[in-house]
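To keep things clear, I will list the structure first and then write my remarks on it.
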């Protein structure tokens, strides 16, 4: 597991492109037959990819977290963006097709991931945050979620937001997680942009062609920076940073947040004339 530390806005004001990428970008989220995770000290979120091929995979971080088992003091969100697979939670095995999600509560002792076909492996994107209470495990299908339709074709930001781990769907301590799909012809996400001082966030971009790129905007609104990102790459967004992007084509991304509350609308909008 890779560890990333926290920064203030002043810390990054003179960072080079290489330094920004090293601190905030995760270049390889899904590694075949591996659990590939990042631990950020921003609200102590863990995120990354689990890509089982010929063997089942389990997240084991006892030593790294100082616990007896991974979810002893944590909750977990899972969304499959690959081929059909399975998730086994404390002995109960369930199928997970593409776009299926799962909320797994605190004190769940074992979570095992597997694929139906090694040639078309499942790609489980996971996010985990510290938890103080045990809430029920819930399987989440995208078909059961009424999307928020927002943006316009005229402003190139027409998109559907599917809220998986959200009070309307399931209970959680502090983790929120969802899936945003941009319509063909749209390229902007989260613009006009915002920050949320009370929560950090992480994105993973995907459903992109090989030559499609995302210009992910970050940093203090008065001193913005950007990262050029490719398919299935992730980025950390501290609470003080904007997090927006524009692609050379449409794309999808999974967002995950944790922090002081689970109020999705708790955000501080940034007027366009304040961006620099």
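Just so you know, glycine gets a Cβ as well, placed from its N, Cα and C.
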Response to the item:
Checking Swiss-Prot, the member of 166, 216, 226, 243 that binds Zn(2+) with 194, 196, 201 is 243
Worksheet, complete the sentence: Per DSSP (three-state), residue 196 (Zn(2+) binding site) is coil
Worksheet item: Using the Cβ centroid of 194, 196, 201, 243 as the reference point for the Zn(2+) site, which residues of the same chain not in that list have Cβ within 8 Å?
Response: 190, 193, 195, 199, 237, 239, 241, 242, 257, 267
Worksheet item: So for residue 243 (Zn(2+) binding site), how many other CB atoms are inside 10 Å of its CB?
Response: 23
Fill in: binding-site residues compared (194, 196) - highest count of Cβ atoms within 10 Å
196
